[in-house]
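Peer 1: Pasting a structure here, questions to come.
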Amino acid sequence: MVTFLGSILLLVAGYFIYSKVVERIFGINDTNPTPAFTKSDGLDYVPMSWWKGSLIQLLNIAGLGPIFGAIAGALYGPVAFIWIVIGCIFAGAVHDYFSGMMSLRHNGEQFPGLVGRYLGKHVKKFINVISLILMVLVAAAFTAGPAQLISSLTSLSFIGSLVLVFLYFIIAAVLPVNKIIGKIYPVFGAILIFMAISIAIALLFSGKPIPNLTLENLHPGELPIWPLLMVTISCGAISGFHSTQSPIVARTLKKESEGRKVFFGAMIGEGIIAMVWAAAGMTFFGGTGGLQEALAAGGPAGAVNEISQTLLGTLGGVLAILGVIILPITTGDTALRSSRMMLTDMLSSVINMDGRWKVFFVTVAVGVPTFFLSTIDYTFLWRYVGWTNQVVATTMLWTGTAYLLKYGKFHWISGIPALFMTGVVTTYIFYAPEGFQLAYNSSLVIGAILTTFIAILYMIQIIKYRRISKNNLTTKAA
């Protein structure tokens, strides 16, 4: 219990202390007009209050990610607490802050546009494809689960439920951001927070001991912590999906100082939610062995349902159903909205994309493949979401690092996490079942070599920008 409570306190302290450090390094200026005013269009660029933006951002980035992922990551034992705390404060929150604030500084630009601006057009082309694939995979994965539950609770067939969910997706993706997302998402965000707080309090008074810190790998299947834990628990630690969502809210902020509360704050909130569910997973089933049996029997949704109903009774059952249906739907519809915005930005360089009908047709264009993918098994889809998600996160961290280097700022705050995540994604793809399936030691060696190569390129860029800075100073002195 001491480790759990201490971890929560560290996350809160991370917000009040480290967020101010990151904000100071970025350098906010409230006299700068924001795109909510300079590009106001009544659809995506709409001024909203920061507290609404915070709840929308939390719901957009969270959904079921910090619940399902944290429960799966709890199989590794209390070492998951360490990853959530360190990952959330020093990687995830930095990632989210820079993705949101850089978008705000560049007129609400989408993530691929930021990548192209700071890492080059070739990287942009790659990330355009990767980001669209991620959005479609996330939307598909978070459609199938709710549709299955709706069909089991009602007389609707699975396909009928799927169509119902998708009709909502299309409507939410084409309507102005303040019509549906701005009105009901703050309520859903409050439900997500209430659910986590209720579980945390019930857990503390349940009489079940919450495991304290140990670095031992307690995974029943003896799967390695590195790099699997860092991909299993993404939402709650660091997730590339967030960089695709941040521009949605960045286009609604009224001033730059709101960014710390919205982007850094929402990520810390997600970290706390992940911490609660990781603790619940380790504690409720009597250890990682019991948790593995529960996951094998009913999957993450079954585990969440059992924990909620047992600890919270009737209220828990209602919350569990709301969580398993509403939360993935809200993540899925904003994923579809983001894919629509990305595709619109890509096409706007070729044709004029003004007009509501064009917005509708682009939404349908990304919605059709999403619909068919959602008929595939959820666990199969989620395997590919995990690695793709962390590739996007790594790319965003390198984009933030390039931004800081260019403007002569303290780049290590994103550079060190970027190197760490480079090691994660390179090692993972060579080892994982959905990757090259190489031996673990071989994967470690290849991952280390590739990460070292990227580190050398990083050092070259540091030297390059130092020379540029020195030359500029010499020119000014002359």
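Every residue gets a Cβ built from N, Cα and C, even glycine.
Note that the structure is a prediction, hence the values are computed from the model and not measured.
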Peer 1: Transmembrane segment per TrEMBL sits at which of 102-120, 292-310, 387-405?
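Peer 2: Feature transmembrane segment in TrEMBL: residues 387-405.
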Peer 1: Counting only residues 6+ away from its ends, which parts of the chain sit with a Cβ under 8 Å from the transmembrane segment (412-432)?
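Peer 2: For the transmembrane segment (412-432), the sequence-distant neighbours (Cβ-Cβ under 8 Å, at least 6 residues beyond its ends) are 21-22, 25, 90-91, 94-95, 98, 224, 226-228, 230-231, 238, 383, 387, 390-391, 393-394, 397-398, 400-401, 404, 438, 440, 442-444, 446-448, 450-451, 454-455, 458.
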Peer 1: By Cβ distance under 8 Å, which residues at least 6 away from the ends of the transmembrane segment (262-285) in the same chain are close to it?
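Peer 2: Same-chain contacts beyond the flanks: 4, 7-8, 11-12, 14-15, 19, 22-23, 50, 53-54, 57-58, 61-62, 65-67, 69-75, 77-78, 80-81, 84-85, 87-89, 92-93, 95-97, 99-101, 192-193, 196, 199-200, 203, 206, 208-211, 233, 235-237, 242, 246, 249, 253, 291, 293-294, 303-304, 306-307, 310-311.
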Peer 1: Tell me the residue counts in helix, strand and coil for the domain 'CstA N-terminal' (5-143), as DSSP assigns them.
Peer 2: 109 helix, 0 strand, 30 coil
Peer 1: Can we call the transmembrane segment (156-177) and the transmembrane segment (225-241) in contact, meaning three or more C-beta pairs below 8 angstroms at a sequence separation of 6+?
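Peer 2: No, the transmembrane segment (156-177) does not contact the transmembrane segment (225-241).
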Peer 1: Under 8 angstroms, Cβ to Cβ: which one of 126-144, 184-205, 225-241, 315-336, 438-460 has the largest number of such pairs with the transmembrane segment (67-94)?
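Peer 2: Answer, by Cβ pair count: 225-241.
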